[in-house]
Structures are given as C-alpha cells and as structure tokens.
Amino acid sequence: MDTNNCGVCKTIVNPGSERVKAGTSVFHAKCFVCKECKNELESFIRSKDGSLICDECDIKLNARKCFKCQLPIQSTIVTARGKSFHNDCFNCASCEKIIKGGFFFVEGEFYCSTCDAKPSDKTKTTTPPPSEIPLPGKSGVSLANGVEIQVPNNSTNIIYVLNTNESSNGLSSSGGSGNSISGSGGTNTGSSTSSFMIHKRNNSNELNVVTPTATTTVDLLTSSTTTTPTLSPSTLSPPISTARFSNDYLISLQDDIYAKQQQQLLLLQQQQIQIQQQLQQQQLEILQKNQSLLNSSSPSPSTSSTSSTSSISQSQNLNTSQPNITQQLSNLNISNQKNGEIEKYIPKINGKTLTELLKHQSFDDILGEVLSKKISIYKELSKEEVAFGDVIASGASGKVYKGIYKGRDVAIKVYSSENFCFNIEEFDREVTIMSLIDSDHPNFTRFYGANKQNKKYLFHVSELVKSGSLRDLLLDKEKPLAYFTQLSIASDIANAMKHLHSIGVIHRDLKSLNVLITEDFTAKVIDFGTSRNVDLAKQMTLNLGTSCYMSPELFKGNGYDETCDVYAFGIVLWEIIARKEPYENINSWSIPVLVAKGERPTIPADCPSEYSKLIKACWTDKPKKRPSFKEICDTLKKISESLTLKRNKK
C-alpha cells in the first residue's frame with residue numbers, strides 16, 4: 001500500500017503500522033477515535049474542523065432538540081414559530097392531544113383549532129370585540145358610568161355587568177363587596193376602582209342578578225360611600241397583559257381615539273333609543289287618529305249594494321284595527337331589524353366593471369394593478385355598523401365571529417396583529433378578490449364590505465351560512481346523505497370553481513373545510529385566492545391539514561395552476577362519497593411522501609363506477625391529464641341525469 005498522510009494528524013502513516021482506512025482516507029489507529037468521547041469509531045461524521053465525531057456525540061452536539069422535552073430529535077421534526085418538536089411532543093396545551101391540523105399560538109402555548117374554536121370559560125374576564133355592545137334595536141341594555149338607559153320593551157335575558165378587575169365575583173343584586181347592578185343600594189366597599197370591563201352575560205342566575213324588566217331604569221355604580229368614577233381611556237378596558245386568555249380574541253381598547261369613540265357611542269345609543277320610543281309613540285298616535293276618522297266618517301252615497309259592501313269593509317277595519325296596533329308596531333320593528341335591505345355594491349376600477357376590464361386584461365393583471373396602486377374597490381364599513389357575537393371558527397390568521405349587519409346575520413372574519421399569520425397585504429388581496437367575484441353566484445357567499453380603520457385590527461363581513469362546513473356535515477354520520485344529494489354538492493363546488501377559472505382565479509386552498517353548506521344543501525366555496533404568494537413550507541406550517549389536498553407536483557417545487565385545484569377537488573370528491581378524513585390516522589408530515597409516491601385514499605367498494613372514474617381522473621399524477629372544471633361539470637350532470645332516468649323507470 002502506498003504511503004499516505006493520516007486524515008487527522010496529517011503525519012505519514014507507515015504501511016506496517018496499525019492503521020484504519022475509511023473511504024478514501026487513511027488514519028493511524030490511535031487517531032481514529034471520537035474527538036468528544038475518545039471511543040474507537042465504527043462509523044464517523046467529520047466536523048467542520050476536520051476532527052472525527054461518533055454518531056452519538058454528533059446527535060448530542062448538532063441534532064435539533066425538542067423545545068418541550070429537550071431531547072434530540074432523530075425522526076420527524078415539527079417546526080412551528082421557530083421551535084422544533086418531536087411529533088408526539090407537539091400537542092395542545094388544553095386537550096393535550098397531538099396537533100395535526102392548524103394551531104393557535106397564545107402566550108407561549110400552542111392550542112389546536114378545536115380547542116381554540118370552543119367558547120371561552122364564562123368565569124374568565126375578557127375584553128369583548130369593540131362592537132359587542134348591542135346596537136340600537138338589539139335586545140339588552142348598554143351601560144356606562146352615570147348613564148341611565150331605559151330598557152327597550154323587547155328586552156330579553158341579556159344584561160351587561162360592569163365590575164372591577166380586583167373583584168370579578170363581587171356582583172350581587174343586594175349589595176356586598178364589589179359593585180351593584182340593581183337600582184337600589186349597591187355599596188362599594190372595595191378599594192378605589194382603576195379599571196373596568198364590560199361583559200356580556202346570559203342571565204342564568206350564575207351571578208344572582210335579576211333580569212331588568214321593560215320598565216326598569218338601570219343606574220350603574222350607585223354608591224352610598226363613593227362617587228361614580230368617570231370613563232377614560234384607562235377605564236374602558238384592562239391592560240391586555242391581565243385580560244388575555246388563550247381561548248379569547250382580544251382587541252386593544254387603550255387607544256385614546258377609540259376610547260372617545262366608544263364613549264360617544266354609548267351616549268348615541270341612549271339618544272337613539274329615546275328617538276325610537278318617540279317614533280313608536282308618534283306611530284301609535286297616527287293609527288289612533290286614523291281609527292277616529294273611520295269611526296266619525298259616514299258612507300258615501302252610492303247604490304245599495306255598493307253601500308252595503310263599503311259598510312261591511314269599514315266595519316271589519318274598525319273591528320280589527322285597534323287590537324293590531326301594537327302588533328303592527330312590533331312587526332315594523334322586527335322588519336327593520338331582521339329584513340334590512342342591503343344594496344348591492346358593484347366595484348369599479350377607473351370607472352369600469354370587472355366584466356369590461358376582462359375583455360382586455362387578465363384577472364391577475366387587474367388584481368395586480370389594484371393592489372400595487374392601493375386602489376380601494378370594496379365597500380368600507382364602520383365598526384358602528386356591525387355587532388359582534390360568538391366565535392364560530394378560528395385559524396392562524398384570525399377568527400370568524402357571528403354578527404349582525406343591517407339586521408342580517410353575517411360572518412365577520414377578524415384579523416389582528418396578535419394572530420400568528422397577520423398580514424395586511426393578504427387581507428387587501430382577500431377583500432379585493434371577494435369584491436370582484438360575483439356575489440350573486442349561487443355557489444359563493446355574498447360579500448358586504450370591510451374595515452381597515454385600525455391597522456392592527458381588520459375585519460370583513462360576508463353572508464353567514466349557519467349549517468357549517470362540508471367537512472362537518474360529512475363527518476356527522478348521524479345525518480344521512482343520499483347519493484343524489486352528494487352529486488348535487490359536488491356539482492355546486494365544480495360550478496363555483498368553473499366560474500373562478502373562467503376569470504383567471506386559482507383557488508389554491510380548495511378543501512372540504514372551505515366549502516359551506518346551506519340548510520337546503522347548497523354548497524358555497526369560500527376563501528378563494530387567499531394562499532397566493534405563500535411558499536410551500538410556510539403554507540404547510542400554517543395549515544397542516546392542507547397537505548392532504550396538495551398535488552404531487554407541488555412537493556417537487558412546481559408552481560400552482562388550475563390543475564392543482566382539480567387535484568384538490570378529487571380529494572373532496574372522495575370525502576363526499578367516503579365521509580372520512582383523507583389519510584386518516586396518518587401524521588400530516590408524512591402525507592407529502594405518500595402523495596409523491598402515488599398513494600391515494602382508498603375509494604369505497606360501493607362507490608358508483610362513474611363517480612370513481614371521475615375521482616381517479618382528478619387526482620392522477622399527470623397534471624395535463626386531469627379534466628377541466630367545465631368537463632367535470634358536464635360529467636357530474638350526466639351522472640345526475642342517468643340517476644334520474646333510473647329513478648323514473650322504477
């Protein structure tokens with residue numbers, strides 16, 4: 001053997017000496033040891049300085065350590081918020097289950113989407129969204145220091161409680177420690193009040209507070225020993241650090257401008273309630289005057305038959321008008337609240353509609369121009385126009401609240417700087433696309449407008465679909481779904497996607513969770529275009545469940561196009577017929593490997609052959625062989641028609 005230099009000490013290794021050859025290098029036997037533990041090596045890893053390290057020492061020195069258990073990670077690594085975890089250690093701080101879908105990061109803890117979407121504990125003190133104070137005409141009463149508000153006649157069991165941070169349990173209808181909500185004799189025996197919070201509570205006797213009646217005047221913080229504190233920016237809400245809980249969505253109210261707006265809103269509400277009562281009284285007087293005129297008027301001269309008919313008609317009016325006066329006012333009030341007309345808003349860019357612009361430009365070019373020039377094409381809503389309700393969904397970018405806008409139930413999607421994936425540019429993109437997409441299309445939710453007054457707190461308002469997502473429906477095995485209904489849902493989704501692709505919009509996040517189902521089983525596609533410009537690694541980190549719907553070419557670094565939406569639709573088709581989660585019981589981080597290998601969910605044995613063929617065509621490995629949504633719509637129509645013919649023959 002030729003003479004060589006030692007790979008460690010660089011001195012000559014004599015042919016007759018004890019030596020070790022590894023790869024193309026030769027070592028003295030005494031040099032072929034681990035630099036750290038000094039043990040003889042069976043295998044090694046060369047460090048940056050050229051020294052040799054055994055596998056065990058390499059793991060100790062260089063392997064990533066789990067943020068939770070602090071042990072080296074030698075298998076699948078889960079990365080979130082710059083922290084690394086073992087797959088089994090990445091679990092929810094609330095339910096302690098392994099997080100397989102999206103998560104919510106609050107105060108150093110990770111929570112699964114299920115726990116984050118649950119209603120918060122009623123005993124916790126939280127700051128409500130700014131519009132949670134009811135608008136005029138809503139049941140309930142808004143409270144402020146030193147302000148007396150007559151409870152409206154339609155008041156229900158919703159009350160508001162004002163208490164201190166120091167004694168959240170000191171509420172009683174008969175005095176005691178804390179502040180009293182009753183109108184007689186509430187005594188404050190505690191320390192001076194420095195900050196207050198307004199809570200919405202359901203009158204279930206949890207606080208032993210009596211529900212105000214229609215004739216009750218609520219006077220807050222009446223005290224025999226202290227004067228009523230005045231509202232200021234520091235007393236409208238507690239500091240965020242003391243009020244924040246993992247399951248609550250918090251909005252900072254410490255801004256002086258907003259504090260003044262809220263104080264003005266409370267006073268405005270009192271005035272509007274008084275105006276509403278005056279209008280009702282005036283309407284009552286008008287109806288009574290009309291009745292008096294009918295009583296005093298005599299029938300006009302006419303033939304006997306006509307006079308008889310006229311008299312009968314007037315008699316009927318006299319007999320029925322008086323008992324219905326209150327009912328008419330009630331119906332008028334309900335109509336104004338629940339059936340408010342919302343005028344359709346048609347966005348225009350430089351005076352032209354989308355249809356006109358698409359004749360000469362692509363949708364991407366139009367969208368790029370709007371975003372680059374910061375052209376606002378959506379209807380701008382004020383906070384005062386919207387009332388917030390309960391949380392109905394949550395994710396990395398924010399939460400979705402149930403709310404009321406112009407008397408209609410709506411969904412309010414809120415983005416806040418407190419959220420993990422807060423991005424103003426993405427918000428602008430989403431509301432711009434939602435404004436441009438035809439809201440009259442039966443398979444999209446109607447978009448009403450957005451608010452960007454506070455750059456750290458953004459929201460947009462759209463139609464509320466109360467029945468929930470397609471995913472929820474499919475996983476609820478107690479709700480039977482006929483094959484014809486399944487075909488109808490699939491056709492609705494395909495029609496929505498066909499429209500998007502026809503104007504050049506790629507969804508990029510089509511999945512059962514982004515499809516809402518109405519009470520008559522109409523499917524409405526939501527969240528289109530929101531994931532554009534998000535790289536693959538970030539998208540998988542933010543929303544792990546999305547990997548089930550991602551086509552194999554995406555994991556190879558190829559870009560998004562229409563065929564990626566078709567692949568995702570194939571997975572949704574499978575979900576509709578199988579009524580299961582795709583890749584069930586498989587770790588989300590392992591799914592890309594399975595997809596790249598060509599593995600797909602198992603199609604049920606009882607799946608109709610035509611439907612099965614369509615699924616396979618949509619999720620084929622070769623993008624060019626996947627059908628367009630126009631072809632998919634035609635195929636589903638033929639399947640439905642053949643099913644109808646078979647029914648008629650029977």
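Note that Cβ sites are derived from N, Cα and C of the backbone, with glycine treated the same way.
Pulled from Swiss-Prot, these are the features on record:
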DOMAIN    4-63  domain 'LIM zinc-binding 1'
DOMAIN    64-122  domain 'LIM zinc-binding 2'
REGION    118-138  region 'Disordered'
REGION    171-197  region 'Disordered'
COMPBIAS  173-188  compositional bias 'Gly residues'
REGION    293-320  region 'Disordered'
DOMAIN    386-643  domain 'Protein kinase'
BINDING   ILE392, ALA393, SER394, GLY395, ALA396, SER397, GLY398, LYS399, VAL400, LYS413  ATP binding site
ACT_SITE  ASP509  active site, proton acceptor
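Cα-Cα distance from VAL400 (ATP binding site) to ASP509 (active site, proton acceptor): 18 Å (rounded to the nearest whole number). Each residue in the domain 'LIM zinc-binding 2' (64-122) gets a DSSP state, and the totals come to 8 helix, 20 strand, 31 coil. Geometry remark: the residue listed as 'active site, proton acceptor' versus SER394 (ATP binding site), CA distance 16 Å. Taking each Cβ in turn and tallying the other Cβ atoms within 10 Å, the top scorer among the binding-site residues ILE392, VAL400 is VAL400. Neighbours of GLY398 (ATP binding site), defined as other CB atoms within 10 A of its CB across all chains, total 24. The DSSP breakdown of the domain 'LIM zinc-binding 1' (4-63) into helical (H, G, I), extended (E, B) and coil residues amounts to 8 helix, 19 strand, 33 coil. Packing around ASP509 (active site, proton acceptor) is summarised by its Cβ count: 22 other Cβ atoms lie within 10 angstroms of its Cβ, all protein chains included.
Under the DSSP three-state reduction, the residue listed as 'active site, proton acceptor' is assigned to coil, being neither helix nor strand. The secondary structure of GLY398 (ATP binding site), as reduced to three states from DSSP, is extended strand. In the three-state DSSP scheme, ILE392 (ATP binding site) falls into the strand class.
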